[in-house]
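Report on one structure; see the data block that follows.
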Amino acid sequence: MTTSETRMLRRPPAFRRDRLVQAWLTIKAVSDAGDAIFLIAFAWTAVQIASPAMAGLVVAAGTLPRAILLLIGGAYADRADARRLMVLFNVLRIVVLITVTVWCLATTPTVALLLAASVAFGLCDALFEPAAGTMPRQLVDVADLPAYSALSQTLSRLGTMAGSAIGGFVVAAYGISGSAGLNTVTYAVVVVFIALWLRPRFALPRATAQQSVLRDVADGFRHLGRERATRTLVIALSGLNLAVGPAISIGLPLQATARGWGAGAVGVFEALVGGGAMIGALVVVRWRPRREAVGGFTALIVQGLAIVALGTGSPTLVGVGCLVVGLTAGFASVLLGSTFAATAAPDHLGRLGSILRLGDDCLMPVAMSVFGLLASILPLFTPFALYGAAMALLMIVPLRNPQIRGLMLSSPVET
């Protein structure tokens, strides 16, 4: 496959002067802030009106329908106009948010309402995300995909952090209805921008609609089986968070508890990870390796070693390890994500992206559970060492692949 399969509709400006992309990513970050505000209000309300077990079920209720429909969403993303799908499912999100707002203004929130909203958002996510995942390829040159990804990740993190910071104050002052109303406004801004201003610069070839959607899904897996380089990238990106996710989410709180560092230390460590990730992503805007995939996988080897350092008993080493984890995560995710977007067949981009997301969704609960089990029966250093070493060793596999080593986004991409 080759990027020449796309058709240029209009030449994009230099990335640093691309006001359309900059405006789009900024508006998307504002929407991420709205999501963070609503998520805090949603979880807080669930805890207030339900038992802890039921509250957990309510918050997680959207994950199952999302997982079930994600592959179908990828098939539709390869068939239909991505912009229309994004507008449609954002409008449906607005309908859900308005329903929650009106209901909670008229009466008290119920578990049934929150369950329905969670499921509805999961369904919308499954059909929205694959379509949105094809937009970078439609907006910028292949050579600019790393810069696009870096700016997108940085602004998204800033939006989420800002939303999380003020979300508690919003729900305390205005309740879930105020948070839902505020999120409605952010989604409305996104819909208007997509409908009126967001225009693709590159047309992606469309998958045929002559066969069923399920056959299209199966064709996505067959395509992945044929294309070794793309398959390697999908497997690597699916497992990108499987080592670091449990180490940060479970391992750091366990370390802080065992060492008596307190909850404040966990916050500092996670802030180092988040700050490092933003810096790592921004580095790509100013500088990136000539061979992006090689640079990304090499950074993940370093990240594996940093995960091992998180298992030590020294708060200084753990802090340095967290910073390195963040730096390498931001750097590698930008490089590998943009390499995937550039090298995936344009008429399979939605399906391949949904397979990638589904792999992460399905494997993460297993990775979390195994880390917790190992920590409960073995010395606490052990799961950090095993997960970090496994990650470092596994990243050697793609680096041994000649096709992966030869990928360069600054020149025509062949896989």
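Placed from the backbone N, Cα and C atoms, the Cβ positions cover glycine too.
Here TrEMBL flags 21-47 (among others) as transmembrane segment. Proximity of distant same-chain residues to the transmembrane segment (21-47), defined by a Cβ-Cβ separation under 8 Å and at least 6 residues beyond the stretch ends, is recorded for 12, 15, 54-55, 58-59, 97, 109, 111, 114, 117-118, 139-140, 148, 151-152, 155-156, 158-164, 166-168, 170-171, 175-176, 178-180, 182-183, 185-187, 189-190, 193, 197-198.
Panel annotation: around the transmembrane segment (53-73), residues 42-43, 46-47, 111, 114-115, 118-123, 125-131, 213-214, 217, 220, 350-351, 354-355, 357-358, 361-362 of the same chain, lying at least six beyond its termini, place a Cβ under 8 Å from a Cβ of the stretch. What TrEMBL lists as transmembrane segment is 53-73 (among others).
Beyond the ends of the transmembrane segment (85-105), by six or more residues, the same chain brings 38, 76-77, 113, 117, 120-121, 124, 127-128, 131-132, 135, 175-177, 180-181, 183-184, 187-188, 190-191, 194-195 to within a C-beta distance below 8 angstroms of the stretch. The feature transmembrane segment is assigned by TrEMBL to 85-105 (among others).
Residues 20, 23-24, 27-28, 30-31, 33-35, 37-38, 83, 86-87, 90-91, 93-94, 97-98, 101, 135, 170 of the same chain lie 6 or more positions beyond the ends of the transmembrane segment (182-198) yet place their CB under 8 Å from a CB of it. The transmembrane segment feature in TrEMBL is assigned to 182-198 (among others).
Sequence annotations record features per position, and here TrEMBL assigns transmembrane segment to 232-254 (among others).
The transmembrane segment annotation in TrEMBL covers 260-285 (among others).
Taken from TrEMBL, the feature transmembrane segment covers 292-311 (among others).
TrEMBL lists 317-341 (among others) with the feature transmembrane segment.
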